Amino acid sequence: MLFLPDISMHSGVNRDVRRAPRLSIGRTVRTLIHAPRGHFYLTAGVFGLSIVFGGGTRSGFLGDAVLQLISLPLLWTAISELLDCQEPSRLRRLLPYIAAVASLPLLQLVPLPPSIWTSLPGRAVIVETYGVLGYPLPAHPLTLSPTATWLSTLGLVPPIAIFLGMATLDYEERRVLSLVLIAMAVISVFLGLLQLAGGANSALRFYVVTNTTEAVGFFANRNHFAVLLYAAMLFSFCWLLDAAVSVASKARRARLDSKPVIYFAGGAVAFIALLAGQLMARSRAGLILSAVALMAGFAMAMRDRRARNGSHLSKVLLGTIAITIAICSQFAFFRILDRFGPDIVSDVRIAIVRNTIAAARAYMPFGSGLGTFVPVYQMFEKPADIAVTYVNHAHNDFLELWLETGILGLALLILCIVWLVRRAIAVWATDDTGDDFRIDRNLMRSAAIVAALLLVHSLVDYPLRTTADLSVFAFAAGLLVSPLEKFSACSGGDVQKRQAKKSTFAQGVSRRHKPARQRELWDGGGDWPAEWRDKRVRAETEYGAHGGDVRFTELDDKK
């Protein structure tokens with residue numbers, strides 16, 4: 001049985017009045033989760049497993065069920081920490097939006113009386129079917145396929161849990177999770193190399209319906225594999241830039257250390273592996289968006305004050321990438337050119353978009369139900385449009401969302417895009433504030449780029465329909481939220497304090513903090529009242545699970 005450290009002697013709590021903890025499985029699980037860094041390990045585990053098991057192109061795989069089950073503890077603990085947080089935050093104001101996203105498919109599952117659902121657009125075929133069979137009209141939900149909608153609803157659990165879990169971590173823990181993403185992507189690249197070596201019937205291809213002649217890694221589709229690669233490339237570029245700046249800074253001061261050089265070499269190897277994997281996948285959208293990601297990475301490097309001051313730093317990074325492309329292109333140049341040649345699937349996608357728009361108009365304003373694209377599309381597919389390929393998605397996630405959820409889904413999508421744009425502007429408009437948080441600043445800027453690239457990719461494909469890529473999107477969105485100061489109450493009367501590391505950069509991104517009461521955490525960048533600065537203060541240290549937090553209490557001059 002594990003218990004939290006006894007902090008009552010430091011926090012002023014009377015040890016004699018504390019109740020003895022009761023032995024129970026529930027308390028043991030809660031204690032393990034709330035143990036030091038337990039929430040971080042849970043978030044990292046769910047995120048890593050989402051990449052491994054979430055590469056399927058449809059709902060209902062066994063891996064998806066496992067992910068949904070293990071995501072429930074993370075979802076519970078993340079919401080608990082947010083609700084226990086004493087300080088107001090933008091993240092808590094996002095909870096109603098997240099609740100609306102989760103509630104939309106649930107509302108589609110609510111049974112409606114025949115007088116209501118028969119009047120909805122597109123339900124005439126169901127009424128005719130019951131009439132032919134001679135059955136009375138039963139209560140029926142809004143969705144045409146309750147099973148498909150229920151599976152799609154469960155598919156939202158892992159990404160929502162990852163987003164909330166990411167948003168409640170501090171800067172140091174977020175850095176480690178970015179390395180987890182890079183590591184999983186590199187492992188996926190080596191897996192793809194083994195898949196190519198094993199041929200079309202390789203046992204390392206985990207899905208029956210897959211691209212048998214390409215590297216797909218943990219995924220069923222090379223386009224979705226490419227999403228993981230260009231996202232990891234951008235985050236690895238942040239670490240490569242950080243290591244390069246450190247090497248250049250120490251070299252100018254004649255204090256060259258081996259550690260930054262090793263970090264730079266490791267980052268370069270990871271970046272080269274990811275770029276080589278992108279060339280192996282041969283995804284047209286992936287190659288184009290990877291080029292956009294590289295340009296955005298250089299824009300981020302040029303915006304970094306320390307990188308700008310290094311005259312040869314940008315040349316070194318540019319040379320590294322150029323050499324990598326030159327070497328890898330020798331082995332994949334003609335295969336890549338072949339991907340940009342005439343393709344019958346491209347012509348089919350035009351017909352898919354046209355038929356999807358017609359179906360979406362027919363089911364306005366509430367849609368046909370989440371996960372019902374395949375049966376609905378087949379009712380609107382024309383004989384001339386039928387091809388040798390099986391149409392399982394619209395290859396335009398915005399149109400598919402419109403078809404399945406109607407105007408409500410489009411409204412939630414617009415709100416999400418508006419929030420992402422506002423956060424991206426705030427992150428990129430923030431001035432450089434020092435080297436200590438350079439990597440955090442660049443990771444947040446990269447997260448904004450990754451989210452934008454995924455939305456653009458969704459215009460020509462359906463990456464967000466896979467749990468893995470949707471988890472990457474949730475990870476990027478979570479990075480855009482400034483860490484919180486959390487003081488969450490634990491069971492048994494103990495109090496565990498988890499404080500997010502503050503920085504002047506975080507204050508620049510978020511609104512200026514204006515404390516209005518005493519005993520708040522002191523931050524030199526805050527707008528504290530002048531009369532508080534003039535009076536004598538004393539430091540009172542309260543030891544928590546991760547060390548001491550210094551607070552300043554105003555002393556009464558009369559004492």
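Every residue, even glycine, has its Cβ placed from backbone N, Cα and C.
Heads up, TrEMBL stuff is auto-annotated, nobody curated it.
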Matching range for TrEMBL feature annotation, transmembrane segment, among 124-142, 466-484: 466-484
Range from 40-59, 227-249, 442-460 with most C-beta pairs under 8 A to the transmembrane segment (261-281): 227-249
Cβ-based contact of the transmembrane segment (227-249) with the transmembrane segment (466-484), 3 or more pairs under 8 Å: yes
Criterion met for the transmembrane segment (442-460) and the transmembrane segment (287-304) (at least three Cβ pairs under 8 Å): yes
Remote residues contacting the transmembrane segment (176-197) - C-beta distance under 8 A, at least 6 residues beyond either end: 40, 43-44, 47-48, 51-52, 166, 169, 204-205, 214-219, 225, 228-229, 231-232, 235-236, 238-239, 270, 273-274, 276-277, 280-281, 443, 472, 475, 479
Cβ-Cβ under 8 Å with the transmembrane segment (40-59): same-chain residues at least 6 beyond its ends: 33, 66-67, 70-71, 73-74, 77-78, 148, 151-152, 154-155, 158-159, 161-162, 165-166, 169, 173, 176-177, 180-181, 184-185, 188, 206-207, 209, 216-221, 224-225, 228, 371, 392-393, 462, 465-472, 475
